[in-house]
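For reference, the structure discussed in these notes is given below.
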Amino acid sequence: MTTRWLEITCDIPADLADILASYLGELSGTGVCTENLDVDAFSTDEITLSAIKTVKAYFSEDEDVDARLEEIQNFLDRLAEQHPGLSIPRPIISTVQSEDWSSSWKANFKPLRVGRRLMIVPTWEEPPPYPDDIVLRLDPGMAFGTGGHETTRLCLELLEEIMDGMPILLTPAVLDLGTGSGILAMAAVRLGAGRVVAVDIDPQAVEVARENLALNDLTDQVECDTTPLEALPGTFDVILANILAEELVRLAPQLIQRLSVGGMLVLSGILAEREQLVRAGFACQELEYRETRRQGEWVAMVYRRAARA
């Protein structure tokens, strides 16, 4: 098992950090850490953004480091070309131990309030919640979804609003597609959902999600596995799909098929520049477009499945 990792560090303007982090996450296939965001706060209103962020990616020490550095530098050069006048420093490489890597991202993951009542708390923290808080304990491990990223926050905020708007006696079925850490599925249960299904194509993400479900005593209340969307039985009153824009468009027919009449569909993981691509992909007479929410460079869209004529 690898105990030493190559850490590649890039300093970049804050408004491009998410784009770089997404690229490095796909390139490394392991982990990415974004720093210089003051998350030592209980409300997103208190978060302070710095002008420059530091994005760190981790690779096995067996990797061809020169080849990886060249790929990353080429990506940074393309970013600079798209933003005239932008100067991006060359990446810095260092070697870290596994335990150092773990400490690095933990230092930047603090309790976070999302929406009106949701409080996301890492397992190593114990903040005093307000009486009506819905506390979700989380150890994200290598899976995406701490609640700090814009795409996850958008989903959580919209989920809370949708669930609060449901009739009191209704316990809706909820699907969390691309569950990552399991945070959306856990929030759905705590917000009053009945059947909750969480799926991800990444077995490691499913394992992390199951561990987080156990931390919150929700193992028996969420079906969590790698079942493909097309193989899931039944329909859902709420579907949360926080995945890449291109995948959302590809899965549009299946998502609509799994959404019950009158059900709500939340699409996230969409860069603002991909918004029209997704809007076109979901231009279906069975769906009513409801709204678009924006945070930073990211958007989330809400649709409702209309009754058949």
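Using the three backbone atoms N, Cα and C, a Cβ is placed for every residue, glycine included.
Per Swiss-Prot, S-adenosyl-L-methionine binding site is recorded for T152, G178, D200, N242. In the three-state DSSP classification, D200 (S-adenosyl-L-methionine binding site) falls within coil.
Secondary structure from DSSP puts N242 (S-adenosyl-L-methionine binding site) in a beta strand. Other C-beta atoms found within 10 angstroms of the C-beta of T152 (S-adenosyl-L-methionine binding site) number 27, with every protein chain shown included.
There are 26 other Cβ atoms within 10 Å of the Cβ belonging to N242 (S-adenosyl-L-methionine binding site). Every protein chain shown contributes to the tally, and the Cβ of D200 (S-adenosyl-L-methionine binding site) ends up with 26 other Cβ atoms within 10 Å.
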